[in-house]
Amino acid sequence: MILDWKTLPRPIAALSPMADMTDSAFCRAVRAVTSHGSGGSAVGPQTARNASEHWRGETALTGPDRVIVFREMVSSEAVVRGNDKTLGMTEIHPDERPLVQQIFGSDPHTMSEAARIIEAEDHPEGFDINMGCPVYKIVHNFNGAALMKEPKLASDIVKKMKAAISVPLSVKIRLGWSEKTDCVEFAKVLEDAGANLLTVHGRTKCQGYAGAADWEMIGRVKAAVSIPVLCNGDIHQAEKVLPALEQSHCDGVLIARGALGNPWIFSQIEEVLSGKPRTIIRLEERVRMVRLHLALHCEQYGPRGVVTFRKHLSWYFKGLPGAKKFRDRLHTTSTMEDLHLILNEMLTCHSEEPKATKNLSEDPSLALRMTEKISCASAS
Ligand SMILES: Cc1cc2nc3c(=O)[nH]c(=O)nc-3n(C[C@H](O)[C@H](O)[C@H](O)COP(=O)(O)O)c2cc1C
């Protein structure tokens, strides 16, 4: 597929890059449920009632290709150095496409060289530059959000990368370093340099992940440029897409934490946009998904994947009634067999004691509480 941000059906929905999370296995898991529907059972009536007339009836998301996945960031320096682990992170399984690979760095030559190497080797449908990461180990090297304070350098990076690649280039920014308004002029600089798309996280670097994302401020970026803009931040349930689009007037949305433990969110967005009742994901479907994601994860990382998969288990089961008593075992088991046994037990207990479900997709504050626990060291 040739990715053209200008002609993709609106609204665009994309999976946001998340370090240690949106790896190949996770992108495949998202794609698996996006292609086959949400797989749960419909309950209603509900948010369709609130759907804006503008977006109602849209079926833009139908079909597996309509969701664009952004892979977690990789270091341009590590790619150019030929670091095996980093190069392994850029490999793409055919099921994941269309896929955008995100890169971070601050040297225009290294960034363009890294993009050239990845394009020749892995052929992603697009590249994205991380100009929003707030964590110290990234910004202290003028990477990530630090580039928002260096518009000339940021522009040089975009120009040099554009010259090195044949696919679209996007840039992910925040509202600013400390001032929310910084993004407007910065966005124009990036557009002039040749960026094909901007994705804007509606918080400043200083806000980190705290406070509400300002979708109206993202709208000021949208109004200032003629390239497409995606709205990001706080879209943790499918229903939030409607106010986010109404307030930002963006071309689409970029979903981050809302997809953790809920890869069905893209099908749910489709339901909301087309005025259908949104599907609630039952425990049986959740467990089926966990088993699939676990298998994909271990295919990527080998047997130690059972241990590194724990971060995803937290998101899949957090807040589900009855899951608490399994938590310690879920988080200490290190064999695939034991994990499957615990999942079986969860299903048995659930069928004996059916209870109302409460999970991330139904509890907005839960996603935020969980994020506080995410190690800042890996997030951006
Ligand atoms: C665990 C984690 C890892 C992240 N890693 C990246 C990353 O590699 N690149 C990036 O541009 N943003 C990264 N982000 C930021 C998200 O893409 C997104 O901009 C942010 O979480 C706001 O969206 P949300 O409120 O929907 O979660 C990360 C966020 C989290 C929670």
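Using the three backbone atoms N, Cα and C, a Cβ is placed for every residue, glycine included.
What TrEMBL records for 15-339 is domain 'DUS-like FMN-binding'. What TrEMBL records for Q102, K172, H201, A256, R257 is FMN binding site. The annotation active site, proton donor is assigned in TrEMBL to C133.
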*Quick one: pull the CA-CA distance for H201 (FMN binding site) versus C133 (active site, proton donor), whole Å only.*
10
_Just to confirm: which same-chain residues, 6+ apart in sequence, have a Cβ under 8 Å from the Cβ of A256 (FMN binding site)?_
L15, S16, M18, N232, G233
*How big is the gap, in Å, between the Cα of the residue listed as 'active site, proton donor' and that of R257 (FMN binding site), rounded to a whole number?*
15
*For the binding-site residues K172, H201, R257, work out the Cβ neighbour count at 10 Å and name the residue with the minimum.*
R257
*asked:* So if I measure Cβ to Cβ from Q102 (FMN binding site) and keep only same-chain residues at least 6 apart in sequence, which ones fall under 8 Å?
replied: P17, F70, R71, E72, M73, V74, F127, D128, I129, N130, K172
_Maximal Cα-Cα distance (Å) across residues annotated as binding FMN, namely Q102, K172, H201, A256, R257_ = 17
*Average pLDDT across the domain 'DUS-like FMN-binding' (15-339)?*
91
